[in-house]
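Everything on this sheet refers to the single structure shown next.
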Amino acid sequence: MVRESLSTINFPILASQAICRPWYMPQLRCNKYLISESAVILLLLLLPTMSATLHSLSPPLTTTADSTRPSIITSKQKPNDLAFKETPQGFVDYDNGHHEVSAKLTGIRKDGIPARYRIRVAGNRFQKDWTVSEVVELVLALDLRDDVDGLLNRWVGRFARKNFPYLIKELSQRGSIEHCNRVFEWMKKQRNYRARNDIYNMMIRLQARHNRTDQARGLFFEMQKWRCKPDVETYNAIINAHGRAGQWRWATTIMEDMLRAAIAPSRSTYNNLINACGSSGNWKEALNVCKKMTDNGVGPDLVTHNIVLSAFKSGAQYSKALSYFELMKGTHIRPDTTTLNIVIHCLVKLKQYDKAINIFSSMREKKSECHPDVVTFTSLIHLYSVCGQVENCAAAFNMMLAEGLKPNIVSYNALIGAYAARGMDKEAHLVFSELNQNGFRPDIVSYTSLLNAYGRSQKPRKAREVFDMIKRNKLKPNVVSYNALIDAYGSNGLLAEAIGILREMEQDGIHPNVVSICILLAACGRCSKKVKIDTVLSAAEMRGIKLNKVAYNSAIGSYMNVGEYDKAIGLYKSMRKKKIKPDSVTYTVLISGCCKMSKYGEALSFMEEMMQLNLPLSREVYSSIICAYSKQGQIIEAESTFNMMKSSGCYPDVVTYTAMLDAYNRADNWEKAYALFEEMEENGIELDTIACAALMRAFNEGGQPGRVLSLAKSMREKEIPFSDTIFFEMVSACSLLHDWRTAIDMIKYIEPSLPVISSGCLNLLLHFLGKSGKTETMLKLFYKMLASGADVNFNTYSILLKNLLSTGNWRKYLEVLEWMEDGGIHPSNGMYHDISSFSQRCCGAENAAIIKERLESLRRKSGNQSSPIQTESPIL
C-alpha cells in the first residue's frame, strides 16, 4: 500500500504520476488519505499553471533495465522531534522576593498538521496557532460556564492527534479536574481521536487525587468499551483510586481481575493494594498482601515498608510499627524522612517522648541522610503540646522557620491547638492571624481550635463569635465544632446556653454524638443540677446514643459531685450489666466520690475490686485511699498505702503528700510530718496552699512556730496564694512566739481578703493584739472589719471588751456596748456586770456615776431593764 504525506508541495507530483501512469489511480484510492477522483481531475486542470513547480520538483528520468516496472515517488517530511520537548522558563521578582519556574510545551503547530487541514484553516482569522501550554492557560482562565468547546475549536493543533495526550497531561498536572473533564469530553468528539491507555490512565489518576472513585471506575469501564485494553498502569491507577477512598475490598477485587487478565502485577500494584488496606485500618490484610508480594517474587522496597508502617499507624498498632521498624533496620533498605516521621508519631502515641526527641535530634545532625521536614516539625509541636510544654511548641515552630521550611496549614493548626489546650487565647489568636497573613485560608480545624482556646480561657462569648465567623466564611461547622462550643458554655457554668447549642446543632442537621452527651453531663456536675443529669441521659436514650465507657464515667462523676450516691452506684451497676468493662477512671471517680461523701468503707471496697481486676491505681486513687484511712484513724494502713504507691513506680504528687501530712497531723505525729516535708523538698515537689496549711499545722502542733513563719515567707516569694487556714496558722504561730510585730505586719496582707476570712481567724488576731497591749491596732483592725463587711459576731465584741477593760479604757468599753446594741447584738449580763465592778473598784465616785448613768441609758435603749443572758463562746 502506498502511504504518502499530502503536503501542498506533493499535489503536482501526484497529478503527474496520475497522467503518466494510469494504473496509479487505484493507488491513490488506496492511500491512507483516500484521494477522490474529482480531486485528481481538479489537479489535472491546474497542472499547466503548476508546470514550473512540477519540473523543478520532478526527479530526472533515467532509462534502466527496470524501466518497465512501476516506480513510486515519495516525499519524506522531517519528524517534528522538538514539538513535545519541554522548555523551562523562569521568572524572578527581586523586589518582592517571588520566583516562578514553569515548563512550556509547544506541541505540533500549524506547519506540522496534515495538508488538508492546513488548507482548511489557511486564511481563517479565527483559527489560532497556539502552543499546547497556551491552550492550557486559556482553558484554565475560562469559567466552567464559558464556551470551552468553542475555544478548543479555534485551536489549529486539534488536527494533530499527538497533541491530545500532552494536553490532558498538562491539565491534569494543574489539578483542575472540571476543566480536564470538559476537555476530555470535547476530545472524544473529534474525528481524529483515538482511545489510548495513557490518556485514560492520566484521567483515572486525576479522579483518584480528587477522591472521585465512582468516576475513576466509570473511566475504567469506558476505556474497555472503546476497545482500549487496560495495562499495568491502568490497574495501578484504579487500585490507587479505591485505596484513597478506603475501599480495600474493591481494590482487592480489581487486583484479582488483573490476574485473570494475565497481566503481571508490578511492585507499584502491590504497594497500592497494601496502601488501600492500610489506609482503612485493616493492617492484617495489608500484611497478607505484603506476604503474597514476597511469595510472588516481587521484593518490597522503601515505599512498601513505609506503607506497612503507615498501615500500623492507621490501625493504632504503634508497638507493632516500632517492631517492624527494628526488623527493617536489618535489611539493606535505609529509612527516609517519611519512615522516621511515622516512627516519631508512634513514639508520641506510646508516650515515649525521649526516644522521639532523640530521633528528631539525630535527623538534624549534619551527617544525617534524613533531614526533618514540615511533617517532622509538626509532630514535634504535637509532642510538646501533649507534654504541656507550650514554650517548646513555639520554639519548634520557630526552628522550622529558621530551617527555611514553610509551615503548612497543619503546622499552624498544631500550634493553635497547643495554645488552646492551655487556654492561652491571646497566643492562639496571634497564630491564627499569622496564618491569614501568610496566605493560608483557615479551615474548620483552625476555627475549632481557636474556639476551644476561648472556651478554655472562660470566654464563651468570644467562642461564640468565632463559631459565627465559621458560617460567615462559608464553612460548615462539624460535630467537633459544636461540641467545643457546648463545652465553652458548659465549663463556665452556663448550662442553659450549652443545652441551647445542642438544639441549634440538631436544627442544622448535625446529630450529636456521645461526646456531646459527655460534655453536657460534666457541665451538669459542675453546676450541681441533679434534674439536668437525668434529662441529659434521657435525651441520649431518645436519640439512640449509646453510652460508652467515657459517658458512663462522666455521668457517675456528675452524680457524685451533686451527692447522688445511689444514682451513681446504679449507673455503675448498669454499666457492668451491659458488659462495659470499667477502667481506672471509673474507679477513680467512685473512690474519690465516696471519700467526699465520707463513705470510706465503700471507697476501700472499690479499691479492692479495682486490684482484683489488675487495673493500675492512679495518683488520685492512692490519695483518696490514704485520705480514707486517715479519716478512720488507720494511720498504719495509710502509711502502708503510701509506701506501696512509691514501690509501684507511681510517684506521689503534692495531693498525695498533702493527704499523708493530714494523716500524720491527725495522729499528732509531727516528726514524721516534718520528715515528709523534707522528702518533698528533695523530690522537687512544688507546694500548694493546701499542702502549706497542713505543714503549718504540723509545725504549730510540734512546737515549731518559727518554721510556720519561714514557710509563709517562702510562700510569698513563690507567689503561692494565702488561704484562711494559712492566716489562722500564722496568727497561732505569732501567738506562740509572742511576736506582735509580725502579727501587725500580717494585717496588710489580710486586709484585701477581710470579707472572706473566717471570724475565728480574725477573732484570734484581735485577741492576740489586745493581749499584747496593742489596743489601738486592735481597734483599727476592728474598724476595717466593719468597713469591709466582714463577719462580726458576739465573740468579736467580747474580745474587744475584755481587752479594753484590761487596759482600763472604760469609755471605749461603753462605746463598744453601744455598737453592739446598734448592730442588733445584745450584750450579756456579764458584760454589764464587768463594767459595773470595774467602776466600783478603779474609777472613783465621779466616773462610777457616769458609768452607771450610761449603763441605765443603754438598758432603756434596748427596751429591757435586764438584757438577755448570752453565753460567750471560747475564743479559740
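The backbone N, Cα and C atoms fix where each Cβ goes, glycine too.
Within its own chain, the repeat 'PPR' (196-230) is flanked in space by residues 164-165, 168-169, 172, 175, 177, 180, 184, 187, 237-238, 240-242, 244-245, 247, 250, 261, 263, which lie at least six positions past its ends and keep a Cβ under 8 Å from the stretch. The feature repeat 'PPR' is assigned by TrEMBL to 196-230 (among others).
According to TrEMBL, the repeat 'PPR' annotation covers 231-265 (among others). Within the chain, the repeat 'PPR' (231-265) has long-range Cβ neighbours (under 8 A, six or more residues past its boundaries) at 197-198, 200-201, 204-205, 207-209, 211-213, 216-217, 220, 223, 272-273, 275-277, 279-280, 282, 285, 296, 298.
Taken from TrEMBL, the feature domain 'Pentatricopeptide repeat-containing protein-mitochondrial' applies to 243-362.
Beyond the repeat 'PPR' (266-300), the same-chain residues lying 6 or more positions past its ends with a Cβ under 8 Å from any Cβ of the stretch are 232, 235-236, 239-240, 242-244, 246-248, 251-252, 255, 258, 307-308, 310-312, 314-317, 320, 333. What TrEMBL records for 266-300 (among others) is repeat 'PPR'.
According to TrEMBL, the repeat 'PPR' annotation covers 336-370 (among others). For the repeat 'PPR' (336-370), residue counts in helix, strand and coil come to 24 helix, 0 strand, 11 coil, using DSSP.
If you look up TrEMBL, you'll see 373-407 (among others) marked as repeat 'PPR'. For the repeat 'PPR' (373-407), same-chain residues at least 6 beyond its ends with a Cβ under 8 Å from one of its own Cβ atoms are 337-338, 340-341, 344-345, 348, 351, 353, 356-357, 360, 363, 414-415, 417-419, 421-422, 424, 427, 438.
Non-local neighbours of the repeat 'PPR' (408-442) in the same chain are 374, 377-378, 381-382, 384-385, 388, 390, 393-394, 397, 400, 449-450, 452-454, 456-459, 462, 473; each lies 6+ residues outside the stretch with a CB under 8 Å from one of its CB atoms. The repeat 'PPR' annotation in TrEMBL covers 408-442 (among others).
Non-local neighbours of the repeat 'PPR' (443-477) in the same chain are 409, 412-413, 416-417, 419-425, 428-429, 432, 435, 484-485, 487-489, 491-492, 494, 497, 508, 510; each lies 6+ residues outside the stretch with a CB under 8 Å from one of its CB atoms. Residues or ranges marked as repeat 'PPR' by TrEMBL: 443-477 (among others).
Only residues 6 or more beyond the boundaries of the repeat 'PPR' (548-582), in the same chain, are considered here, and those with a CB under 8 A from a CB of the stretch are 514-515, 517-518, 521-522, 524-526, 528-530, 533, 537, 540, 589-590, 592-594, 596-597, 599, 613. Marked as repeat 'PPR' by TrEMBL: 548-582 (among others).
Listed by sequence, the residues of this chain that lie at least six past the ends of the repeat 'PPR' (583-617) yet keep a Cβ under 8 A from its Cβ atoms are 549-550, 552-553, 556-557, 559-561, 563, 565, 568, 572, 575, 624-625, 627-629, 631-632, 645, 648, 650. Residues annotated as repeat 'PPR' in TrEMBL: 583-617 (among others).
According to DSSP, the secondary structure content of the repeat 'PPR' (618-652) in residues is 26 helix, 0 strand, 9 coil. Residues or ranges marked as repeat 'PPR' by TrEMBL: 618-652 (among others).
For the repeat 'PPR' (653-687), the residues of the chain that approach it from at least six positions outside its boundaries are 619-620, 622-624, 626-627, 629-630, 633, 635, 638-639, 642, 645, 694-695, 697-699, 701-704, 707, 715, 718, 720, judged by C-beta separation under 8 angstroms. According to TrEMBL, the repeat 'PPR' annotation covers 653-687 (among others).
Averaged across the repeat 'PPR' (793-827), pLDDT for the predicted model comes to 85. Taken from TrEMBL, the feature repeat 'PPR' covers 793-827 (among others).
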